[in-house]
Amino acid sequence: MTAAPEGRKLLRLEVRNSQTPIEKKPSWIKTRARMGPEYQELKGLVKREGLHTVCEEAGCPNIFECWEDREATFLIGGDQCTRRCDFCQIDTGKPAELDVEEPRRVAESVQAMGLRYSTVTGVARDDLEDGGAWLYAETVRQIHQLNPGTGVELLIPDFNADPGQLAEVFGSRPEVLAHNVETVPRIFKRIRPAFRYERSLEVITRAREDGLVTKSNLILGMGETPEEVTEALRDLREAGTDIITITQYLRPSPRHHPVERWVKPEEFVEHTRTAEELGFPGVMAGPLVRSSYRAGRLYAKATEHRGMPLPDNLAHLAKAGTAAQEASSLLSR
């Protein structure tokens, strides 16, 4: 393998990664396709209207559950990221010009799909003077304006912890402000060279101080130890993280970081217990859990824990329900 799919020459790291064959998944890495009525209706609507979601385009295994709950995820900022993380499927390169109409189109897609809760994520845009802060903030504003009954979770890059850029984003008041740390300090620089562990924690702390519900994610299987996961959870909680999701790393291609270990459901259950003991109001852990999985319900848990009443238009999120990809659910089958 000498070139990436987008035609650029492979980085030395990618050449080294590609020398390790793609790993065979263990038996517990699987999902069941349960196509309920809400999913079927949404699937047909998305096809008819030509809408685009991360759920479909990334082949997310949880699409059946999330769409049944009328939840979906959108990617903004284009398909080229200015940073490269060794686990991420998104290409690294020179992004296209900023599309100022994108926030409106995303809001219209949310409306057309009748979503109850939407997650918006995007690429890092270090090529822009504001790092893309306006784009992220405006997308939240447009969704809220056109869909006052829909919750918005905003998953952001770190914006280099720039106070002005963070203020722009925080001022859009998403229901949840997410910034994913993804891995533990010892291997952080190797996995996420353009980010800094302490800077990511700082972003979360600032969001919490601004009164936002905060969220982060850890990906296991990239070389960390269970003990290091516990320490990272402690760091995240002390930084002010309300919601934590924990998942198994699945290698997107040979040029990405090899899978170092397959984490059994039993270990995910242990990490859930640890996170709950540390005081996280919302916890979801399992091999196929993703950061936007059951996002609305986790938001409802966090607001209840903080004594914040759920807005009437989002009261449905407090309803109890199962989560098929949660580790405890896998073990009970």
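Glycine is no exception: its Cβ is also placed from the backbone N, Cα and C atoms.
Record features, source Swiss-Prot:
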BINDING   Cys55, Cys60, Cys66, Ser292  [4Fe-4S] cluster 1 binding site
DOMAIN    67-281  domain 'Radical SAM core'
BINDING   Cys81, Cys85, Cys88  [4Fe-4S] cluster 2 binding site
Around the Cβ of Cys85 ([4Fe-4S] cluster 2 binding site), other Cβ atoms found within 10 Å total 21
To the nearest whole angstrom, what is the C-alpha distance linking Cys85 ([4Fe-4S] cluster 2 binding site) and Ser292 ([4Fe-4S] cluster 1 binding site)?
-> 19
How many other Cβ atoms are found within 10 Å of the Cβ atom of Cys60 ([4Fe-4S] cluster 1 binding site), counting all protein chains shown?
-> 21
Among all chains shown, work out which of the binding-site residues Cys55, Cys66, Cys81, Cys88 has the most CB atoms within 10 A of its CB.
-> Cys66
Alpha-carbon spacing, Cys66 ([4Fe-4S] cluster 1 binding site) to Cys88 ([4Fe-4S] cluster 2 binding site), which is rounded to whole Å = 22
Within 8 Å of the Cβ centre of Cys81, Cys85, Cys88, which other residues of the chain have their Cβ, at the recorded [4Fe-4S] cluster 2 site?
-> Arg83, Arg84, Phe87, Gln89, Ile90, Thr92, Val123, Ala124
Under a criterion of Cβ-Cβ distance under 8 Å and sequence separation of at least 6, what residues of the same chain contact Ser292 ([4Fe-4S] cluster 1 binding site)?
-> Cys66, Glu71, Thr73, Thr119, Thr121, Glu153, Leu155
Here the Cα-Cα span from Cys81 ([4Fe-4S] cluster 2 binding site) to Cys60 ([4Fe-4S] cluster 1 binding site), rounded to a whole number of angstrom, reaches 20
Compute the average pLDDT of the predicted model within the domain 'Radical SAM core' (67-281).
-> 96
